[in-house]
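Student: Got a structure for you, questions after.
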Ligand SMILES: [Zn+2]
């Protein structure tokens, strides 16, 4: 039994860190050692509480389940497309005709929800993002297809204009290139309502225009979707360096300037708190923090500011690519690190995780 003894009787080596495998048989027997006296204070001893894989899993307030995962997927306007996205390992742009082969196996594994991002490659883009809610466009077509193929899937749609505007910004612009807020908000609300009409269960505005939550909620109510469509706000979306692979995937880089006048400065904790509070008050049903890992304090703040709302966070493309790259470089094991990152988000207070790791988690999780 000396195998178990390293330094002290409470130092158990070789136990896996993952809480996801409580059936692991490697935990030590409890009755193999005679009692010994110790001068340690009772208050010093914590390890008795987490010596077993199952009791380790009890240490989390919230454990990851399949129903907490929302899978971001890219839908393009070539209906037969299945195109690899080089900067997002394992992710592809899909055409609507390929959704059955793409999603079918994931639904069998327990996929519960997706969020759609339209990637128009062939449409005529203009100043106001007209193709965003084109009935023949990728988001509306994919919504109808997924709803008919997989009626159990919860369908969310990202709502923004940047993939559809000629200038690549998320709103409508003044002549000088600055955001023209009122027409931006009106157009974004119009798109959201048209996605609701197409059958999405949730609209998720990612544009960060002032006042869009109120406008979308009003629009949904007036169009008869007040009780039929959830409004998930990207409330605290930061101007992050971690969106690069997404822009590559969605073709949504702005043609001039950047998004720093509407996305939040990375250091802006107070502003993020105000944005979360504002969106909760304007009628958001779910609040979101994006990106996730560098903003765990903001997730924690959101959980405290709006404790009665579901709280989402988006493990964005660059976070995903970073975790994959580290695993490829041998820094850590992919699965262990994927769990560690997502567990940090749950610990901070998230109840819903948007992540490109969803297909792997469906394999890794039992429930
Ligand atoms: Zn945008």
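Glycine is treated like the rest: Cβ placed from N, Cα and C.
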Student: Pick from 1-34, 35-68: which stretch is listed in TrEMBL under region 'Disordered'?
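Tutor: In TrEMBL, the region 'Disordered' feature sits at 1-34.
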Student: For residue 290 (active site, schiff-base intermediate with substrate), find which of the recorded positions 162, 237, 259, 317 come within 10 Å, Cα to Cα.
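Tutor: So the list reads 237.
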Student: Compute the C-alpha separation of residue 160 (Zn(2+) binding site) from residue 259 (5-aminolevulinate 1 binding site), stating it in Å without decimals.
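Tutor: Between the Cα atoms of residue 160 (Zn(2+) binding site) and residue 259 (5-aminolevulinate 1 binding site), the distance comes to 13 Å.
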Student: May I ask which residues of the same chain, at least 6 positions away in sequence, place their Cβ under 8 angstroms from the Cβ of residue 317 (5-aminolevulinate 2 binding site)?
Tutor: 87, 88, 242, 243, 244, 245, 246, 249, 356
Student: Please report the number of other Cβ atoms within 10 Å of the Cβ of residue 237 (active site, schiff-base intermediate with substrate).
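Tutor: For residue 237 (active site, schiff-base intermediate with substrate), the count of other Cβ atoms within 10 Å is 26.
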Student: Which recorded positions from the list 237, 247, 259, 317, 356 come close to ligand 1, meaning a Cβ under 6 Å from one of its atoms?
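Tutor: Passing the 6 Å Cβ check against ligand 1: none.
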Student: Based on DSSP, name the secondary structure state of residue 290 (active site, schiff-base intermediate with substrate): helix, strand or coil.
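Tutor: Its secondary structure by DSSP: strand.
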